[in-house]
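First the structure, in the form of structure tokens, and then the observations on it.
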Amino acid sequence: MLAVKSLCGYYGQAQILNDVSLDAMQGEVVALIGRNGAGKSTTLKAVIGLEARRKGSVIFDGCEVIGKPTHEIVRMGLGYVPEERRIFSDLTVEENLAVGRRPPRPYTPQWTPETLYALFPNLAEARKRPGGRMSGGEQQMLTIARSLMGNPMMLMLDEPSEGLSPKIVEQMASAILRMKAEGLGIVVCEQNLHFAKLISDRAYIIEKGEIRYGGTMAELAADDEVRNTYLAV
Amino acid sequence: MEFLFSQFLTGLASASSLFLVASGLSIIFGVSRIVNFAHGSLYMLGAYIAYSLVEHSGLGGGNFWIALPVAALGVALLGLLLEVTLLRKIYHAPELLQLLATFGVVLVVQDAVLMIWGPEDLLGPRAPGLAGAVRLFHQAIPQYDLFLISLGPVVLALLWLLFHRTHWGTLVRAATHDRDMVAALGVNQASLFTGVFTLGALLAGLGGALQLPRGAVSHAMDLQIIVEVFVVVVIGGLGNVFGAFLAAIIIGELNAFGILVFPQMTLVLTFLAMAVILVVRPWGLRGKPQSLAHGAAVAGGRVLRRLPPAAGKAFLLVAVLLLALPWLGSGYALNVATEMAIYALFAASLHLLSGIGGMVSFGHAAYFGLGSYGAALAAKSLGLPMELALLAGPLTGALGALVYGWFCVRLSGVYLSMLTLAFAQITYAVAFQWSSLTGGDNGILGVWPSHWASGPVAFYYLTLVVCGGSILILRHIVFSPFGYTLRACRDSEIRADAIGIDARHHRWLAFILCGFFAGLAGGLFAFFKGSVFPDSASIGTSVDGLVMVLLGGIQTLTGPVVGAVIYTALRIFVSTYTDYWRAVIGVVIILLVVAFPQGIVAWTADRFQAWRAIRPAVKTKEKAA
């Protein structure tokens with residue numbers, strides 16, 4: 001479904017990503033794990049065409065998307081949820097969802113505000129509240145729900161567990177598993193190995209802009225050496 | 001009492017049309033972050049098109065009411081064309097260049113109007129059906145004013161419905177907040193921007209057409225309204241329609257009552273109100289702090305570097321040529337070169353403030369004008385010789401910058417730019433209206449240099465030495481610790497703050513310094529021309545300065561000088577061939593912005609570096625062979 005090959009990403013003159021290759025299928029959760037500054041967010045931004053300049057190849061749903069503008073890539077069914085959440089703070093929860101609305105596509109899970117309120121019950125209670133007056137956890141739910149309104153085939157989440165309380169992290173994990181159960185493909189950037197283990201089927205480790213490891217999550221969890229080399233702080 | 005009431009209604013009526021135009025500008029800025037200088041031109045076109053429709057359509061009696069929407073739609077269509085052909089190409093250019101491009105449009109439209117409708121003011125008909133007056137509290141209130149007064153809230157309500165009750169409106173509000181995120185949700189920014197710009201143009205055109213029954217249509221309408229509209233938008237808060245409504249009422253009433261209290265000082269009053277409101281509420285009544293950093297507006301990711309040693313030889317050559325010019329060129333060439341040198345100093349001082357200091361001044365002419373008047377008054381009123389009067393120029397410039405700068409450094413980004421524009425307009429208004437001191441429109445004549453400097457060659461050398469020396473001093477300042485501090489404050493105020501730099505204090509110093517050198521250029525200009533007019537403090541002069549700096553490229557030191565030379569040459573050259581030189585310059589500006597978004601000198605430097613990067617590779621290949 002998503003195949004990234006030899007992706008290089010740049011901010012100005014600086015090369016951030018070096019030959020990143022990874023792939024993800026529909027109905028699976030793939031984690032991209034790495035320390036702060038390893039290039040996780042930049043990988044997602046380069047795939048979606050935001051901010052970073054990019055080279056290489058990104059095939060989504062059988063089409064090359066390098067060179068396409070962001071909104072067209074999103075319309076093809078690749079959703080993106082940024083790390084900073086970027087809620088429209090003056091717009092109500094309902095209006096935030098409305099901005100993400102796109103027509104349904106065949107063979108992909110379809111979402112309406114009502115099904116999303118069922119997935120994230122906290123949002124249902126705050127429909128008319130401005131996005132800026134939500135808690136961090138609620139904003140994280142809103143930003144995911146907003147991207148789901150586009151009825152994507154695949155969703156890229158940038159550190160969805162960051163800064164959330166343990167209880168909300170659990171809710172988030174179960175929401176992601178339910179999205180997966182609906183048939184959505186998910187690529188998730190994480191620093192939190194525990195959270196990644198809860199949700200992911202496969203994992204890649206990225207360091208200094210290069211992919212250092214790829215395998216199933218179970219293999220990674222069992223491999224102390226890889227964990228100590230790339231992830232121990 | 002009754003009279004005050006009728007004056008109050010007059011204020012509300014003008015507030016309505018002001019609001020229409022301002023809301024359009026505000027909406028456009030909110031989404032595209034472009035300060036559309038050409039908004040006043042769209043307003044003017046609305047008025048002219050409505051005039052032609054009424055006069056030449058032969059529709060008879062009620063045709064004003066048909067002309068009104070048709071003119072507005074026509075302007076909307078022009079706006080659409082403008083967005084698609086020009087603005088769409090420059091959304092990623094630095095903010096200032098966008099502004100410059102829209103000013104290019106202003107120039108083109110000015111000449112187009114002159115060409116199509118001629119130079120005379122045109123008088124439209126009264127509004128059919130509303131030509132009479134209603135008696136309220138024993139005062140005759142024009143029916144048309146009452147119509148305008150009710151139209152303002154109606155348009156406000158319609159806009160509110162559009163933005164809060166339609167999907168498109170929700171998208172626009174979302175894009176005003178974070179346009180990249182809107183794209184990341186699959187919304188096509190380009191068509192959203194086009195729609196918003198067309199709506200803004202429609203409102204401007206409607207505002208212009210509505211002016212037809214209230215007064216004459218003239219080709220000065222564009223800059224006149226744009227300045228007022230800037231004030232309204234800034235007081236209200238950029239991007240906020242309701243704020244624009246409140247601010248339009250404040251300004252409308254201030255004008256209506258100000259004319260009773262200080263008939264000579266209405267302009268000053270408006271701008272003083274703006275200065276006070278902005279100092280108390282730096283983001284306007286209903287605005288929000290901008291996320292935009294100082295540097296983002298100008299720097300565009302380039303770093304200022306010293307030139308390589310080889311460039312020193314080139315400069316030496318230029319210096320020798322300049323010194324030899326009296327033997328090489330004619331008197332006319334000397335004249336042109338003198339003017340270029342003065343503008344080069346003016347542009348270099350603006351560059352220190354805007355490029356290095358990150359404070360983009362829309363009103364640098366204030367200090368140039370103050371310098372001109374300071375020097376001229378010292379010579380004429382105090383009877384000082386040229387040598388001393390020339391000193392009065394920079395001193396008045398610095399003094400003005402000391403006062404204006406104190407207010408300006410409290411703001412940042414577009415708000416700061418608007419405030420500088422406001423102060424320049426105050427200066428212009430004082431120069432224009434305080435006839436007993438400044439001679440008003442007639443200016444001050446007979447400001448001649450001392451005997452020794454009265455010949456073209458001597459005055460050329462005087463200018464060359466003073467301006468060249470000053471530019472070298474400015475260059476030295478840029479590479480001094482003070483210059484580094486300014487750049488640090490420009491690029492990150494928070495980080496500068498964290499290492500103990502008082503940004504406000506340094507910015508104020510920069511203001512004073514730049515006022516000093518702009519004043520010096522102004523003083524020289526007064527003696528060069530032998531006269532001073534309010535024009536020297538006008539928006540036109542401010543924009544000339546900006547064009548010079550931006551043409552050359554804001555992130556190079558030679559940029560402003562090269563820009564000044566090219567721009568002055570272009571203006572003189574084109575104006576000898578055609579009366580429509582404004583349009584030609586406008587087109588040139590637009591093309592330059594589209595072709596060289598980083599400025600000419602920066603572009604050349606990039607090409608040169610690219611060439612140098614290829615050359616060693618070629619050499620090693622030759623060796624290998």
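Cβ atoms here come from the backbone N, Cα and C positions, even for glycine.
TrEMBL annotations: computationally assigned, not manually curated.
A quick note: this is a predicted structure, and the numbers were derived from the prediction, not measured.
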Can you identify, from B:190-213, B:358-381, the stretch that TrEMBL calls transmembrane segment?
B:190-213
Hey, does the transmembrane segment (B:144-163) touch the transmembrane segment (B:388-407), meaning at least 3 C-beta pairs closer than 8 angstroms, sequence gap 6 or more?
no
Quick one: do the transmembrane segment (B:96-117) and the transmembrane segment (B:190-213) reach 3+ CB pairs under 8 Å, ignoring pairs fewer than 6 apart in sequence?
no
Taking 3+ C-beta pairs under 8 angstroms (sequence gap of 6 or more) as contact, is the transmembrane segment (B:34-54) in contact with the transmembrane segment (B:144-163)?
no
